[in-house]
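Structure, as structure tokens:
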Amino acid sequence: MVKAVVGANWGDEGKGKITDMLAKQADIIVRFQGGANAGHTIVNDYGKFALHTLPSGVFYSHTTSVIGNGVALDIPRLFKEIKSITDRNVPMPKILVSNRAQIVMPYHVLFDQYEEERLGGKSFGSTKSGIAPFYSDKYAKIGFQVSELFDDELLKEKVVRVAEQKNVILEHLYHKPLIDTDELLNTLHEYRDMVAPYVCDVSLFLDKALKEGKTVLLEGQLGTLKDPDHGIYPMVTSSSTLAAYGAIGAGVPPYEIKQIITVCKAYSSAVGAGAFVSEIFGDEADELRRRGGDGGEFGATTGRPRRMGWFDCVASKYGCRLQGTTDVAFTVLDVLGYLDEIPVCTGYEINGEVTTEFPVTSLLEKAKPVLTKLPGWKCDIRGIKKYEELPENCRKYIEFIEGQIGYPITMVSNGPGRDDIIYRESSLNK
Ligand code: GDP
């Protein structure tokens, strides 16, 4: 069976921890979209790790980690990341790379930087990993598939053809050095040699695995609100962050996805520009940022301070709906133990009217948060294993949010570690 672990919001909800935890009972973990632009932080027996391209199952010896066709594959970064974990005594994971995955080219990373420079203050807040230029080229049909690395004739012709087009932009728009086709071809030969031992017909591999009754986890990056279609366009990422896309980005039938675990953090955070209705500022935000996550809310890839806000029921209800949520994993709840009262955003006021439905971006920009304050529990809930043992106000917080979003919270995460999890029966499941 196939399960997906995806985010309801702007990313950084704690998907890495939940995937790492669920990977214990899985055979195969697949990254199906995105690239090395965002990171998952994982704390386990080997230490604390930030993963960018590798699936969050690489810490188990019984799992196979797969880079699906939907991923933006940065080959040197993938190998740097493998080395960064094996250098810290993690056994070499079993890795497969889809022969249909496309490659982040050195010029994609440069184009990302040049475009941010050109836009100056009007930039999208890109992480400059080449993701937007990569996906643009993929859909303009001038991307390079892993399989193409093994066809020398094709590669030579295509490098010359693509460089011709890119060089016009480099020269006239960005005024930067041009692509040297011999150098690029050499780089691609190096990439070919690096990736060759791992290349696989992934959809066929997964088809066989599913027929053998194996469990496959699809691991999403970012969250619903960063989806190019359903998110806060244009402040979105360039590949779909939805569980539905997992079928495409891994190459499995959509009906095989039986469980969709949508990760929601107990408060909000976001990186990059874009409307963020429940955002807070000043000392209130600084304190939550400092206490948040595991060692503060700073980007796993970029180190950038994350924007902070209260839990947003409107965005999360929408985020869960678009994912097709069967289970909500509610994370980082332990962090809120310091607050006397916890505000929760239960509605948006737009042009004088209150709504609980998430609007399109132009209206979102006008939305003001409607806040409800819930009493805090004022204690440390880490280490608690049973739902009934959580303080009453803490359970009330969970149940209030569950009622607002309308999807069952079946897992509550009360610490960054693998075992910091409380399973719960939800009345919404009955
Ligand atoms: P992802 O991109 O969705 O995987 O999220 P990130 O890894 O960027 O951010 C989640 C952060 O919260 C990481 O630092 C995790 O170690 C941490 N984390 C996850 N779950 C919990 C939790 O329940 N409690 C605490 N305190 N930290 C958590």
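Cβ atoms here come from the backbone N, Cα and C positions, even for glycine.
No curator has checked TrEMBL annotations; they are predicted automatically.
Between the candidates Thr237, Thr356, Thr361, Thr372, TrEMBL assigns the IMP site shared with Asp12, Glu13, Gly14, Lys15, Asn37, Ala38, Gly39, His40, Thr127, Lys141, Arg304 to Thr237. Under 6 Å, Cβ to nearest atom of ligand 1: this is the test, and of the recorded positions Asn37, His40, Thr237, Thr302, Pro305, Arg306 it is passed by His40. Comparing C-alpha positions, Gly11 (GTP binding site) sits nearest to Asn37 among the binding-site residues Asn37, Thr302, Gly303, Pro305. Within 10 Å of Thr127 (IMP binding site), counting C-alpha to C-alpha distances, fall the following of the recorded positions His40, Thr302, Pro305, Arg306, Asn414: Thr302. Proximity to Thr41 (GTP binding site), defined by a C-alpha to C-alpha distance within 10 angstroms, is shown by the following recorded positions from Asp12, Thr302, Arg306: Asp12.
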